[in-house]
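For reference, Swiss-Prot has these:
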{"type": "MOD_RES", "residues": "Tyr186", "note": "3'-nitrotyrosine"}
{"type": "TOPO_DOM", "residues": "1-132", "note": "topological domain 'Cytoplasmic'"}
{"type": "TOPO_DOM", "residues": "154-204", "note": "topological domain 'Lumenal, vesicle'"}
{"type": "TOPO_DOM", "residues": "226-265", "note": "topological domain 'Cytoplasmic'"}
{"type": "TOPO_DOM", "residues": "287-305", "note": "topological domain 'Lumenal, vesicle'"}
{"type": "TOPO_DOM", "residues": "327-341", "note": "topological domain 'Cytoplasmic'"}
{"type": "TOPO_DOM", "residues": "363-383", "note": "topological domain 'Lumenal, vesicle'"}
{"type": "TOPO_DOM", "residues": "405-438", "note": "topological domain 'Cytoplasmic'"}
{"type": "TOPO_DOM", "residues": "483-489", "note": "topological domain 'Cytoplasmic'"}
{"type": "TOPO_DOM", "residues": "511-525", "note": "topological domain 'Lumenal, vesicle'"}
{"type": "TRANSMEM", "residues": "133-153", "note": "transmembrane segment"}
{"type": "TRANSMEM", "residues": "205-225", "note": "transmembrane segment"}
{"type": "TRANSMEM", "residues": "266-286", "note": "transmembrane segment"}
{"type": "TRANSMEM", "residues": "306-326", "note": "transmembrane segment"}
{"type": "TRANSMEM", "residues": "342-362", "note": "transmembrane segment"}
{"type": "TRANSMEM", "residues": "384-404", "note": "transmembrane segment"}
{"type": "TRANSMEM", "residues": "439-459", "note": "transmembrane segment"}
{"type": "TRANSMEM", "residues": "462-482", "note": "transmembrane segment"}
{"type": "TRANSMEM", "residues": "490-510", "note": "transmembrane segment"}
Amino acid sequence: MATLLRSKLTNVATSVSNKSQAKVSGMFARMGFQAATDEEAVGFAHCDDLDFEHRQGLQMDILKSEGEPCGDEGAEAPVEGDIHYQRGGAPLPPSGSKDQAVGAGGEFGGHDKPKITAWEAGWNVTNAIQGMFVLGLPYAILHGGYLGLFLIIFAAVVCCYTGKILIACLYEENEDGEVVRVRDSYVAIANACCAPRFPTLGGRVVNVAQIIELVMTCILYVVVSGNLMYNSFPGLPVSQKSWSIIATAVLLPCAFLKNLKAVSKFSLLCTLAHFVINILVIAYCLSRARDWAWEKVKFYIDVKKFPISIGIIVFSYTSQIFLPSLEGNMQQPSEFHCMMNWTHIAACVLKGLFALVAYLTWADETKEVITDNLPGSIRAVVNLFLVAKALLSYPLPFFAAVEVLEKSLFQEGSRAFFPACYGGDGRLKSWGLTLRCALVVFTLLMAIYVPHFALLMGLTGSLTGAGLCFLLPSLFHLRLLWRKLLWHQVFFDVAIFVIGGICSVSGFVHSLEGLIEAYRTNAED
């Protein structure tokens, strides 16, 4: 009797478990995620075993056919889709293809372009996240206090994590259990997430966001160059707009850039200039340590202006749009995680110290660009280094923006909107060079008409920075790797998506209000 009762209870429990699994699987299937039950997993494993045996037989047939005389022209050639099998049904491109996934250089690189070391990749990432935008961090502390300092650390941790999971989305396990690179860019990841219903929608959204982010970064470099030169030499009869024009004239040779190798050399010089700037500013602040205003660092926040600070902090860490290209161009991609760790740790420490020390020195008088607070003699020297850093930082986002535009609009193929920018010999066509120069001039025009550094940085960070660094990587990670994620990884991804969405909306609204208010003030003056 006890055995019969135990058997019935076991059957009921099994039935309830199967029904609950079916409901959960159906719910996630409707959301677009791939959840597999135990029975489905067994089925997948069985299919993989059968497929492995089938491909082993094909390989034996191919070896036998290679050993036979070449005169047997009547033999049927093996089907390409059988040889180049890939989970998901998509065949791998033939070797030498421009779009080959494994080992591809990504959006901003290619097969025939020189590879970079982990150190060179690190200089590029450091240049992106430890760039000119550190000058706005003391302004973020002004409106955020200790919470602003916490956000500098929190943003470093989150951006390092999302950078790693974004690269993880480039890889999948093949039928033999080997991890291979099946995608080559941020756009390819987005397209894979939207397939099969909207196979190109995700790529277009990411392309637009990337172009906005990169072009706005270039604009900010021109804005800060004009601002710094104008404040360094106020006695000269040269306006800020005129200084911006001079800076743009120096940047025109960027139109001739061809690969990331040259950009990496600029990034190295730029990083060295940045360390000199940090040392000079921090040394001056330490000389006034006895006057530091610790009581001015608040535990409360300015509700209206703090969202702008969030955008500034987030934008200062944006590097995700470069990462697929950098990882694809690395000589040793296995060193990518280590490179991300030390670059973000260094950036977090330097940014936190710089922002706190600078704010303690000037407190409520802290300006949008912190070097404007320096006395005239020191300001001129520091600003010259900063201008050099801005001009050396410009090539990386400009080169990336050009590559995105060329790949999405001008690449040869049936889906290209315009003819290719390169000739058959690989040389840049004259009209392609003209378009590159036009992009440089466009950044100048925007810098002249929107010369508000901190507000523009907060707006861009809230609009595209949060999307590309927080929202999309976590969403793509859930969508593509759902079946392999542990519960804490799912929790992190969902939390990052929710927090990033809230910060993005609030920061965008308040930055836009700040720009409108700034224009009204200028109009009244």
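Every residue gets a Cβ built from N, Cα and C, even glycine.
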When counting C-beta pairs under 8 angstroms to the transmembrane segment (133-153), the leading stretch of 205-225, 384-404, 439-459 is 439-459
Cβ neighbours of Tyr186 (3'-nitrotyrosine) where a neighbour is any other Cβ within 10 Å
30
Given the transmembrane segment (490-510), its same-chain partners at Cβ distance under 8 Å and 6+ residues beyond its ends are 158, 161-162, 165, 304-305, 307-308, 310-311, 314, 458-459, 461-463, 466-467, 469-471, 474-475, 477-478
What counts of helix, strand and coil residues does DSSP assign across the topological domain 'Cytoplasmic' (226-265)?
30 helix, 0 strand, 10 coil
Let's see if you can do this one: DSSP helix, strand and coil counts over the topological domain 'Lumenal, vesicle' (154-204), in that order.
28 helix, 6 strand, 17 coil
With DSSP as the reference, give the number of residues of the topological domain 'Lumenal, vesicle' (363-383) in helix, strand and coil.
15 helix, 0 strand, 6 coil
Hey, which bits of the same chain come close to the transmembrane segment (205-225), Cβ under 8 Å, at least six residues off its ends?
132-133, 135, 186-187, 189-190, 243-244, 247-248, 251, 318, 321, 369, 386-387, 390-391, 393-394, 397-398, 400-401, 404-405, 408, 439, 442-444, 446-447, 450-453, 456-457, 460, 463-465, 467-468, 472
DSSP residue counts for the topological domain 'Cytoplasmic' (483-489), split into helix, strand and coil
5 helix, 0 strand, 2 coil
At an 8 Å Cβ cut-off, counting only pairs 6 or more apart in sequence, do the transmembrane segment (439-459) and the transmembrane segment (306-326) clear the bar of 3 or more pairs?
yes
Other than its close neighbours in sequence, what residues sit by the topological domain 'Cytoplasmic' (226-265), given a CB gap under 8 Å and a spacing of at least six beyond its ends?
108-109, 113-114, 116, 120-121, 123-124, 325-326, 329, 369, 371-372, 379-380, 383-384, 386-387, 390-391, 394-396, 398-399, 402, 428, 433, 436-437, 439-441, 443-444, 447-448, 451, 453
